[in-house]
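Residues annotated as transmembrane segment in TrEMBL: 76-95, 107-131, 201-218, 238-261, 354-372, 384-404, 425-446. Under the heading region 'Disordered', TrEMBL lists 305-349. As annotated by TrEMBL, compositional bias 'Polar residues' applies to 313-323. If you look up TrEMBL, you'll see 331-342 marked as compositional bias 'Basic and acidic residues'.
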Amino acid sequence: MTLQFLPNKPVLPLKAQHDPFPWMARNVPRLLDFSPMPIPRENVVLAWAHKLGFETVSYSGEYFNIITMMNEVTRLCIDMNVITILIYTLFHLTANAGRLTRRVGGFAAALFILSWPFWAGTGTINMLNFLRTGISFRTSLLAWDIMQIRDVEEVKSWSYFKFISHLWLFPMEENQIEARRQKLGYEPNARIECLKQIPEGLVHLAIAGVLLFFVPPASVYDSLDLLPSVVHNILVGFLIYLLLSSMGVLSLSLAGFILGIEQQPMFQNPLGATRVRVFWSRWNRAIATVLHRVIFGGKNTHKTLDQRRSETKGVSSAPNGSKVSALRQRVVAEEEKERSEMPTEAPPKKRRPFLPMAALAVTTFFVSGLFHEYLIFQAFHANFGYNTAFFLLNGFATVLSSAVQRYLPSVDRRIHWSVRYALMWTFYCFIVRLFLYPFIAANFFASFQKVFFELIIPRKMERPKPMFIYLFRQ
């Protein structure tokens, strides 16, 4: 499905003589162009692998062209800006309307963004097809969150840059900023905080660049023995974490620096988790937080909105006249109320019924599985069902772990953290192939190697084919 005034593929509708990207590909220097040392003509990676006694294999991988990639990336950024303008306008047109109008507006915004990969067209670079689809899914949830779940007055108080940040990025929430301000006694500079995250992203990216050479191609993957298969699967899983972490940190930090809005970390040490539930609560929080909020909180949307409007009605500025957000006012008011009441003993917290919460947890994982199937459909058009099975198994494992923690607390306490850690990672060693198979079968990671070569190798040198290093002799 494409619109008549757009090209059939997500590229800029430029004539060849007006396209700047071929000139850029020929003339923009690569990293090794700045090297003061002579550049070896041989493939350094292959040479070192052979010196260390490893076997290697080269393969073709998927189609890749740096000029096409630059064109599609530019079109991606233009699409994001156009979508932002449309959603920003739609929100302000429906903000003061009735409940039904707001709901229809929120649904229309989410559906429009979710259909972005269809009306933009399918590109020739699979990693960008995957990225566009992933962004569209998350942003459709965020559009619903902005238009239906969040307080209207809070969203109205946002600047345009802050609206962009909440629609596409992962900004710090007002209550988080307020809590940190009260703890530190001052508010750190948002741009400096963003810059502090960049070194971590660069380190993760460098390690990921090394691990790319240990991803088996489709022609090799199925023939690996059990132990090599498990080891390479673990390395590929670690690679995915490093790629997501590095690209997330670098893109969010740079965008936050430009906009002047501090961003949250996408990951919170998921590799140190000892339970499946904790692992996923720390993994890709940019998706997990909004997905959890929509699934677990969406059913109470209008009740929550009405309650919050009644609480903040008539309060739009601080005593000195400076405007502050409704959310920040609620935080301050709640803290003052807690300090004035000073209860001597907190009332016992009522435990929620286990089965409904377990069903919602499995539903969340099922939706995650469908989301990844949607990504795979847009990028590869093959190998469906594996990711859904992977996430459902994670959902059942989460429910089982929570049941033991809730109904057998004495048993749970006796299990040493190292045993839980070993059990969790043994579980992942058995099931991670379900997640990885569609990506490896499509040689998805070969594109990352090709991007790596394009950024590193001097312009006039030939780019090598993607390569795989065997950790075990065949």
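Indices start at 1 and increase along the chain as displayed.
Placement of Cβ uses the backbone N, Cα and C atoms for every residue, glycine included.
The stretch from 76-95, 107-131, 201-218, 425-446 that makes the most Cβ contacts under 8 Å with the transmembrane segment (384-404) is 425-446.
Listed by sequence, the residues of this chain that lie at least six past the ends of the transmembrane segment (76-95) yet keep a Cβ under 8 A from its Cβ atoms are 10, 12, 101-102, 105, 108-109, 112-113, 116, 120, 128, 131-132, 135, 139, 143, 146-147, 152, 155-156, 160, 163-164, 167-168. Residues 45, 49, 57, 59, 61, 224, 232, 235-236, 238-239, 242-243, 245-250, 253, 440-443, 445-446, 448-449, 452, 466-469, 471 of the same chain, all 6+ positions outside the transmembrane segment (201-218), place their C-beta atoms under 8 angstroms from a C-beta of that stretch.
Counting same-chain residues at least six beyond the ends of the transmembrane segment (238-261), those with a Cβ under 8 angstroms from any Cβ of the stretch are 161-162, 164-165, 168-172, 190-191, 194-195, 197-198, 200-202, 204-205, 207-208, 211-212, 214-215, 267, 270-271, 284, 286, 445, 448.
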